[in-house]
Amino acid sequence: MIEAIGNQYVVARPVYSANAFGEEHKKKQRRHKTFLDHLKQCCSCSTQKAKRIALSSFPIASWLPAYRIKEWLLSDIVSGINVIHESKIHPFDVMMVGAVVVRLTPTADTADPTVSNSSVGNDSALDDHKVMVAATVTILSGIIQMLLGVLKLGFVVIYLSESLISGFTTAAAVHVLVSQLKFMLQLTVPAHTDPFSLFKVLISVFSQIEKTNIADLVTSLVILFVVFVVKEINQRYKAKLPVPIPIELIMTVIATGVSYGFDFKNRFKVAVIGEMKSPITPDAQTLQDTIGDCFGIAVVGFAVAFSVASVYSLKYDYPIDGNQELIALGVSNICGGLFRGFAASTALSRSGVQESTGGKTQIAGLISAIIVLIVILAIGFLLEPLQKSVLAALALGNLKGMLMQFTEIRRLWRKDKYDCIIWIMTFIFAVVLGLGLGLAASVAFQLLTIVFRTQFPKCSMLANVGRSNIYKNRKDYSDIYEPEGVKIFRCPSPLYFANIGFFKRKLIDAVGFSPLRILRKRNKALKKIRKLQKKGLLQVTPKGFICTVDCVKDSDEELDNDKIEELDQPINTTDLPFQIDWNADLPVNIVVPKISLHSLILDFSAVSFLDVSSMRGLKTILQEFIRIQVDVYIVGTDDDFIEKLGRCEFFDDEVKDSIFFLTIHDAVLHILMKKDYSTSKFNPSQEKGAKYDFTVNTNGGLRNRECQVRFFNRFVFI
């Protein structure tokens, strides 16, 4: 029964152990699905399932009918046109890389992904992984990506933390930045393909700095300055502008005209795009030698794509389907590979252009793909005079958003130091080892942090706060109540083989003694008491033991190694004509540490699972406390937890399933009633205020006992 009184509520219900609750509230019989049931469901077919699969495989069918032509079309057209200039000659960043540098055909595929703000093209991350990507590699990478998507294996990358994704995309932006320096300065640098190559490129650039083409450098700096200024205007006045100013397209047209009009190629020896080639069929004889690279490119390409997609999905609050992204990238790479195209992924700079110029949907990507195809087949010759340094500068101008993610380090350090360390280490790994190995190392490091967090959880001792049914860390509050002889220990982590030892050490530190040591001391003392009693040297009086001799010596050695197992057994005093109070005075020279603890409550509300190894360790801990007459109660677990213990034969004559209670308060009230406490010991100053009744019906285990108690103010103990 629950009764509300103002902003307070009064609850009258029985004190429930898990068994008592199960007896009063019977669970429904549910049939859990087996593997065969899931397999049948997967293989079954229905109209609704076919429709759902079709919509998930072709998201365009769901979002295109809802497309807002008046609101989005103009922005998508402007964005798609702006993205085109970025894909024309950006040698190591986007689609036209192949056409410019290796004379491969650029990919302009627009398969149907679920991300609206990312642009698909050749990313420098992939070019850095393998600069010369053969058509066979591209096709096979696409096939691998499609298979991973169909098999729903995108979760391998999908479940990366936000901090890892942020650090990874920032490192990818750094790779793009470094790869463009040689085009801005027109220098010859080594291939950016292996671990530590980023530093080799930087060393090579600075060692040749005197060979810089001044015309390319000046052009790049002017382009960068203009792009930054106009983008700032777009950002500041975006509410007043119908569409963002397409500065990238404007600068491309102007730079092309200036380069052609003043003959920059011959006068200043600048590097220009030059002639583009039409699509040709691929050579398929490199399959055996490139299968490893294909898999690496497929995984890294998806990792880059999903990382960038995650950034934009968080920014604009829309869901993404990693498996659909895999399928879309796979289709794009297969189609592009058939025409000797580079492997496609999400291009950082193109995505930045599409987002900053107001692109709303995938229509922007479709428009850019169509225009790229037209440019390649019809009017590509008009772009031949354009300097490569122009596109390098435009690419860098659109990396501002990614590079500004460095500011997240300070925010993450304040919020969560683990996430901050993940960000920093991910960035370092990706920069130093390259994006392929760097991603693998980052994922491994993230998993290690999870293990570390669970291996060393922040265990705490709880106490009642505010004289209610609320229990918090006793170190954080001053107005606390702790029943005499009762300790409440909370573990905020799953228990498994790696942290069960740590859990035991923290528990021993919390209670202030080792139960195993107390048990061995008591068993050793019991042996001596039996020996004295058999010899007639020990008398028992109402005041305690009287030893008739003073020659009993207690060795400093805690135990005899040959009899260690005997000392670890439960204490058995049934053969003695008297009971031993271990906290009272014992015969002369028999010393056993005294303990005031009689009940221990373990809060397992945050323990989601435990493995077999930790199960054995937990049972040993419980047995040690029970054998020294400390009652142990476990609270907050769900039914599956208890059922698993039952299946694993966890319970026996010592450790019983009756130790489980629903809440901490249930266990505390049960302990107080069990110890025959009629009232709680509290500060009289807290008796002020309104009074209300709280009825406790000791259901289960104490069914025959019922008590009526009155509470004062917020005080809820009996």
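Using N, Cα and C of the backbone, Cβ positions are placed for all residues, glycine too.
Curation plays no part in TrEMBL annotations; they are all automatic predictions.
Checking the ranges 92-109, 164-181, 326-343 against TrEMBL, the transmembrane segment annotation falls on 326-343. A contact links the transmembrane segment (294-314) to the transmembrane segment (421-452), because at least 3 Cβ pairs that are 6 or more residues apart lie under 8 A. Long-range contacts of the transmembrane segment (243-262) within the same chain: residues 74-75, 78, 81-82, 84-86, 88, 219, 223, 226-227, 230-231, 233-234, 270, 272, 353, 356-358, 382-383, 385-387, 390-391, 394, 397-398, each at least 6 residues beyond the stretch ends and with a Cβ under 8 Å from a Cβ of the stretch.
In the predicted model, the domain 'STAS' (476-671) has a mean pLDDT of 86.
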